[in-house]
Structures are given as C-alpha cells and as structure tokens.
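Read through the structure below, which is laid out as structure tokens, and then see the notes.
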C-alpha cells in the first residue's frame, strides 16, 4: 500500500508540472476554500460593487473546499494546496481499492487493479485539475469498502463493531452528497448492504440507525440550502438551473461517447491489446498447470457483495446522470463525469478475471472469455499512456494539458491558468500601470483576482447612468474594463463612445477597452 501511495504522489506531480490546472469551477472551489481558511465561513467572494462582500456557497457542495482549506498555502498559493489535496485523495483511493480487493482476489490482481485505475485516461484528467471528482472517487471506494466490512461483521456476534462500520458507511455516503449533489443516488448502498448480508433479521435495527444518520446529514444540508434560497430570493443551487433541451437518447449517446474515451480508437491499439491478452492467458494457463495457483479462496457472499455493489454503483450513477441531464440543464456529459465511477468498472473487470481463473479448470469457455476481459483492461492502459503522453507534450508546448472532452469532440478542457490567460491579464496590468490600491471592474473578477491578486469587482449586468454613478461613488480610482469584441460594442453603445476613442484606447491591441474611474457620464444613457 505504501508503494501505491508513493506512485499516486509521483503521478500527480507528473500530471501537474506547472501547478494544478484550473477551470471556471476550480476558481470557485479555491475561492471558497480560501474564505473558509480565513474564517469567513462556507462562502464565495461576491466581487460586487458596493454590495455584500460574500455570497452563500450553494451551487456546489462544500466538502471539497473544506478539504482544500486544511492544506497550507491555500491563502497565498492555492495551486500548491490543491496539488497536496490531490495527492491525498488519489493515494487514499488506491488504498481503499486495494483493501477492497486484496482479500477477495489476491494481492497481485488487487495491485494491478489500482494501477489500472491510476493510469486510466479518466483518472489522469481529473487528477490534473482542481476538481471535486478526486475526492468523490475516494469517498465512493471508501463507502464500498466499509460496506464489504459490514457484510463480513454481520456474521459475528459483536454488534458494536457493526454499528461503527455502518456509521462510517453512512458518513462516507453523505460525504458523496456533500462533494457532488448527484452523490445522493448512492444512498441505496445501505439497503443493498443489508440485503446481501447474513442475519438480516437481527441486524435490521442497526442498518436502520445507519440509514437515519445518513438521511439526517443529507437533509441538514438541503434545509440549509433551502433557507439560504429563501434569503437570496430562491436563486440558489439547482433552482437557478434551466430545463434541459436534450433528450434521454442524446444524453445516453453522450455517456457512451465519454465512456469510449477510456479506450484508444487506433486499430493498432486493439491489435496490441488482443495480442497481449492472448499471451497473458497462455502464461496463466501454464502457471496453473505448474501448480502456481496462488489465489485466495474466500467466502462467496463477500465477493458477491462486491460485484453487486460495484456494478450497481456504476449503472445507477450513469442512469441518474442521463435522467438528470435530460431534466436539468448543466454542463454537457464528458469524461470527467464518467471518471466518478470508472474505478468501479475496472474493479468489476478484475473480479471477473479472478472468477474465470478460478474456473479455468472446470469451465469450458473460461480461457476464451479471459481474452476480451484482459484486452479491455490493456486498452485502458494504452489509452492512459496516450493521454499522458499528449498531455505532457501540451504542458511543455502550451502550458495547458488540452485533454479531450469526449471521444469524438474536437473541443478540449480549458485551463484558465495557462500562459495564454496569464499573459493577457499581465498585459492589462502592465499597459494600465495598475497600482496596488487600484480596482478594476470587469466581467470575470474572480479569475482576474485569482491569477493576478489585483482587487477586482464585477461589471454591472446593465450599464446605465445609475450603474456608472454607483461605480464612481464607490470606487476611488481604477479602471472599467470590457473584454472581447461584443463587450466593447456594448460599451460603445451604452456610453456613446466614438470608434476613434476606442481605437486610441490603451487596450485596443488586446481587443479590450479600459475606461478611467471616475467615468464621464455626460453621454451615458439613462
């Protein structure tokens, strides 16, 4: 386990040669973590002109920012804190997965399963960004591990140990909800564990206590969000999302397309996987004939629980994801969503390998079935190697990993802390000769402040005389900045600016417009 933990740390360092990658939601997580660390509570910075300093953090659950807030550097070097958190969660994920499988399928297969999970393309992608997915995977594997322990303890006379393990199971399952709201679907693991355990009649009350404890943790946060929603007008969390414009079939296709990104689409990769799998089956067959069958035989009930729990977690999550995306409008389904349950799929495949090896002497088609299963896992290794190679090259050449979103999508995951963004913001700072006491007002103040440290405020949604008067009254110096062609055109219309004025502006070369504060309101529309 120690070596697997070291491997996890090395992998994270290799994946983040220039610090953790940042996406828009990463900035929100890091901002909330910094506020928690500074004692402001679970809030995000408002960046509003003359308004509240902080806003309730409800669109995303709080557990990942809370984790980030624990690590040193979150205040001044959030990227370093995020890398430390990634190392911890990935190492714990590997430990939970190894413990989950070791006593059931043996050390060798368990270690191979963990390494396959580490090098899978889905894990490589989520281990590069400051995302909550890494914590979610850790909690899910931990929950299934404690579920397997509960199945084992159900046959023992001590009920206190069983209660302790089930309370840990409930806490880990609640942690899934506190990490990503879709984690609520995994609450079924408590009744599933009870159904697959012995002495169901005598242990029902213990499982009931665990279920009540889990429900209380979930309901407490839902009530908190509801109350905050009432305070802020109801525009909080899921209430702010619009209805989806995609059908069930559209989202099923998106899930399938994202799953395919676990495997290479090159024909040579498929041929290599088939060759390696056939060779592996031959080696296994000869090893067994030589009397080297070192497979741990365990009670079938515990292994059955693992199969059901891992398989059900994988399928229930994907079904919930498809249905939820068909009802609610949020980010399109991509590989980062599949990464949440990809270790479950990998673990199930290694359990299948174990069962086929056990039955290789008695089942006629065991050797034939081993070939496609091993080939599937080899394909995961190959694709992981390709993604790691391309990501490393992109880091060196462009300062961003440029990971693909899905198998067939030409778009890439954005890295907001890439040199492109940093150079752009530094160009603004240098050109405008910003001082420490200056304030800039722009469309994305959170990102600007995160990357530069300069005080920033959010530009009003409607730029009229009242909004400009508020800017002039509340801010003592600084700049109002419009980024991009459309924003500049809107500013020209609202402030009645001439094309010559825009062309002569300091930021014209950067396709932006900067106005000194206080702003002349002579020609501003009412």
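Here the Cβ of each residue, glycine as well, is placed from N, Cα and C on the backbone.
Automated prediction, rather than curation, is the source of TrEMBL annotations.
The transmembrane segment annotation in TrEMBL falls on one of the ranges 24-44, 45-65, 108-128, namely 108-128. Range 369-388 is the one annotated as transmembrane segment, of 369-388, 389-408, 409-428 (source: TrEMBL). Two recorded stretches are said to be in contact when at least 3 C-beta pairs lie under 8 angstroms, sequence spacing 6 or more; the transmembrane segment (369-388) and the transmembrane segment (80-101) fall short of this definition.
Between the transmembrane segment (108-128) and the listed ranges 80-101, 158-175, 204-223, 305-325, the one holding the most Cβ pairs under 8 Å is 80-101.
Only residues 6 or more beyond the boundaries of the transmembrane segment (158-175), in the same chain, are considered here, and those with a CB under 8 A from a CB of the stretch are 63, 139-140, 142-143, 146-147, 149-150, 183, 186-187, 189-190, 193, 203, 206-207, 209-211, 213-214, 217-218.
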